[in-house]
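Trainee: Before we start, here is the structure in question, set down as structure tokens.
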Amino acid sequence: AFYVGICLSMTLILAALLSSAATVRESQCLTATGFFCFALAFCGLIPAACWRYARSTEVEDSMMDVYDLVYEEVRRNVSSFRRHELNAIHEAFLCCGKHSPFGDTAAVEHNTCPPSQAQAAGQDCLQEIQGFLKKHMDLVSMLLGTTICFTVYGMVLTSFLWFYIHFSNNLDRKGKYILR
């Protein structure tokens, strides 16, 4: 998703540069290429927005599943690598532990919570992760909506610019204006 976002951003920047150059040079070819870049970005943004609204819980569910897996493996003393992963998750989300119906979690929290987060012991990491993801997915939704609006606006402006350039070439009045 990160690389797709970078590609879409680069496409929009290219479209804006082409449209600016087309305006200065009054070039139909540059205007059409700018419109094509805006249309290409639009075709990438619409599926991203549809995925965001149709499958909004997949990212959250995946993060919760990963946390549960790592937490349960540490609880069963499977590997020290997972213990480091759990420590990293606790430090990243500033939480410690979870409420589990499967047994006592105090031993895991005592071993994996950093000393600086001793006061956070008992805070449910699942709720912290869920809140973090909700906040950031709302930001993604806002950025997608804004980008789609600017892309449609760019497509409309470049199409008007193309029609203006196309029909003004046939009038033979370029540079022949008289002030009265």
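Cβ atoms are placed via backbone N, Cα and C, with glycine included.
Quick paste of what TrEMBL says about this protein:
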type: SIGNAL; residues: 1-21; note: signal peptide
type: TRANSMEM; residues: 31-54; note: transmembrane segment
type: DISULFID; residues: C95-C125; note: disulfide bond
type: DISULFID; residues: C96-C113; note: disulfide bond
type: TRANSMEM; residues: 139-165; note: transmembrane segment
Trainee: Just the number: how many Å between the Cα atoms of C95 (disulfide bond) and C113 (disulfide bond)?
Mentor: 8
Trainee: State the Cα to Cα distance, in Å, between C125 (disulfide bond) and C113 (disulfide bond), rounded to an integer.
Mentor: 11
Trainee: Got a sec? Which of these disulfide-bonded residues, C95, C96, C125, has the most Cβ atoms within 10 Å?
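Mentor: Compared across C95, C96, C125, the most Cβ atoms within 10 Å surround C96.
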